[in-house]
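Engineer: After the structure tokens below, expect a handful of questions from me.
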Amino acid sequence: MILVTLDGWFDASFIFVWQIALFVALAESIPAYGGAMALASLAGAIFGLLLGRHVDAGHGRRTVAIAYAFAAGVVLLRSVSLGSPWLAVIANALGALAMPLIVPPLGAALYNMAKASPCPLRFHLATEAGWDVGCFAGCVVAAALAATGVSLSVAIVMALPAMAAVAVLLRRYFAFVGQA
């Protein structure tokens, strides 16, 4: 359950805080925000089609290293992009490329753990609850920081410790199941 709790914390910063920060970085322009989201969706869809089979080919640990290193770079770029609309749009599009990298190894590990559990339904209920706890905690901390005047860049960077922990846990899992 700790794996998905950490993933929830990561998602709070990487997805939810970023959406607010992007909107603010684009001068609160709804057309600019919509355009940035459309560009990111297109980039993510194309990239996702190209990468879906890597974990299934037995490269779980390698995929985790690539995915989380790329996502860490995106988090850092997002944190410094808030003063530049163009840089924020680029960081947003790159974020859409990060998700198709992150989801396959995490999803494969959780799917295999659920299959091995005595009751897959209870396993999935517990993991969903764990994600909710992590995401809620991440959002509350980000909101508290924003309420005290701290830059949203700090709340975005809060994703890094959670990502590092998830990457370590996933690499250990894939080493345990024998995937390079």
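Note: Cβ is positioned from N, Cα and C throughout, glycine not excepted.
Found this in TrEMBL, in case it helps:
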TRANSMEM  33-51  transmembrane segment
TRANSMEM  63-80  transmembrane segment
TRANSMEM  86-111  transmembrane segment
TRANSMEM  123-146  transmembrane segment
TRANSMEM  152-170  transmembrane segment
Engineer: For the transmembrane segment (33-51), I need the partner stretch with the highest count of C-beta pairs below 8 angstroms, choosing only from 63-80, 86-111, 123-146, 152-170.
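Structural biologist: Most contacts with the transmembrane segment (33-51): 86-111.
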Engineer: Among 86-111, 123-146, 152-170, which stretch has the highest count of C-beta pairs below 8 Å with the transmembrane segment (63-80)?
Structural biologist: 86-111
Engineer: Are there residues at least six beyond either end of the transmembrane segment (123-146) with Cβ under 8 Å to its Cβ atoms? List them, or say none.
Structural biologist: 1-13, 16-17, 110, 113-114, 117, 152, 154-155, 158, 162
